[in-house]
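Colleague: The structure follows.
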């Protein structure tokens, strides 16, 4: 009973804080637009509008959230600044991931997110996303009943991505293209790897863990949780490197980041969960790789519960 009460409180807080953040951000965006932002160059204005929205989301939904603790970590060997002209890629476990990732980017790094077009239809929140230039992905049901990207929409979106990158606005995407209810990393979609190669920008791997306990994908109820986000070193496309090779490098980096997070070492994907995911998916064999990773992680967790691989970053 006590657990359900806490869950209801955590859920109520998140949705109320999200509404507060959306309304406040939208009002600030409108005020800035009316007073001075309309005179700013387009991409400088988009960076400002994005910072307003994501700062509000970070403060109200994450920083002030008494039920969630988000820890951002980066590898000891990399002390560089986060690049503006880059594509950021993370695993994807909950609908709240974009809120949590604001802890990585704010206040210094301007990024725009890629999201399903339906999100842009949400009153106030969707209006803010449009004002700051986040990019919608349009889906359409295929004749076989499955969903796919609406024909004719990818090219214009990628053209916009290129313009953003050339004007120092980063892009954040979830390369799996969908949530992973088990935590097992799914097969990646190739589109944004093409964009990295074409625009000659690095991909920065990110790995999250603990977010799946904060908001389980099969429930509307949230839970108290600690979330860790690992930041990897930027991976630049090699000369003549194919998108498949780049995809494999990024995938390996995300898995390595995740598997070395202190929280993941304590609570790794179990072999049983990995085996279940392998049976559900993986025509390309990617879940089989994950199954081996889960076995290795479980063994490593028993032997080593240290956080020697990472520095905690309270503010970036």
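Just so you know, the numbers here start at 1 and follow the chain as drawn.
Glycine is no exception: its Cβ is also placed from the backbone N, Cα and C atoms.
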Colleague: According to TrEMBL, transmembrane segment applies to one of these ranges: 52-68, 69-85. Which one is it?
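Modeller: Feature transmembrane segment in TrEMBL: residues 52-68.
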Colleague: What mean pLDDT score does the domain 'Phospholipid/glycerol acyltransferase' (86-211) have in the model?
Modeller: 92
Colleague: Near the transmembrane segment (88-106), which residues from the same chain, at least 6 beyond its ends, have a CB less than 8 A from one of its CBs?
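Modeller: Result: 14, 18, 51, 54-55, 57-58, 61-63, 68, 70, 72, 82, 113, 115, 170-176, 178-180, 183, 185, 192, 203-208, 211-212, 214-217, 222, 227, 229, 231, 250, 254, 258, 316.
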Colleague: With a Cβ cut-off under 8 Å, give me the same-chain residues at least six positions beyond the ends of the transmembrane segment (52-68) that come close to it.
Modeller: 6, 9-10, 13-14, 17-18, 20-22, 24-25, 28-29, 32, 96, 98-100, 102-103, 105-107, 111, 128-129, 132, 214, 222-227
Colleague: What counts of helix, strand and coil residues does DSSP assign across the domain 'Phospholipid/glycerol acyltransferase' (86-211)?
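Modeller: The domain 'Phospholipid/glycerol acyltransferase' (86-211) comes out at 45 helix, 30 strand, 51 coil.
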